[in-house]
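Q: Straight from Swiss-Prot, here's the annotation block:
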REGION    74-248  region '8 X 22 AA approximate tandem repeats'
REPEAT    74-95  repeat '1'
REPEAT    117-138  repeat '3'
REPEAT    139-160  repeat '4'
MOD_RES   140  phosphoserine
REGION    151-161  region 'LDL and other lipoprotein receptors binding'
REPEAT    161-182  repeat '5'
REPEAT    183-204  repeat '6'
REGION    203-283  region 'Lipid-binding and lipoprotein association'
REPEAT    205-226  repeat '7'
REPEAT    227-248  repeat '8'
REGION    259-311  region 'Homooligomerization'
REGION    271-283  region 'Specificity for association with VLDL'
């Protein structure tokens, strides 16, 4: 029984080790890598979310903490800050235009509220998943992982839909603004371009500083976990070899002692036979003597009974 437990433990450790040695891939969303500052900030939020999902279960369990929720909240606030800054700059630079253009801009940017709600939903879902994982300890980790992946897929679809909608609306309005600028607002376009460039640089700097420590920590966790699993696997293999050697020694001893045990059993059987055979013979002799006495006594009693019947 101990041998089977040791084999099962070694198989589980080997599976965990194979899972942790897979390369962590961080998918890239090309469509958010260039464009407005809010698009770059949204790309950072998107990449971080996909990166957390791509990690192994062990590293995910460590990363799904309040710190990750805070990092996502920071990226979400950075994205909405850039969207609001872009809206304020457009309103400031387009103030000479008609009032209906500014009203149209405010109406078009209302979709940014839906985008913010979706990003907040992502953070809330991560916190909910962490609580469910703690409450469902002892159940299958595969079921938790499937539920987590399903939540993220749905949230990514909503996030992508609202982001694309906002991008299309901003592109349409930006095209109108460029046409107006070409008709005489070239100064506005120059100032807006310089501010957008500064926003791109700021978002790129924030993204680099935010992403580098997380990747370094994840790599360090992966290395520590891999080393620990290798050490445990080595100890399990050594213990398994020791158990196999002990079982082999017991088997050899049993094979060596089997003939001796058979001889001892035969000798004990002969001894029992020698004990009981005299008793059986004595009982047979006594029984035969008793039968003879009974047979001898029966004829002597029969004539004595006849005179009694005649009277």
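Heads up, the Cβ atoms here are built off N, Cα and C, so glycines get one too.
Here the structure is a predicted model, which means the values were calculated and not measured.
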Q: Can you give the mean pLDDT for the repeat '6' (183-204), rounded to a whole number?
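A: Across the repeat '6' (183-204), the average pLDDT comes out at 64.
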Q: Tell me the residue counts in helix, strand and coil for the region 'Lipid-binding and lipoprotein association' (203-283), as DSSP assigns them.
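A: Computed counts for the region 'Lipid-binding and lipoprotein association' (203-283) are 81 helix, 0 strand, 0 coil.
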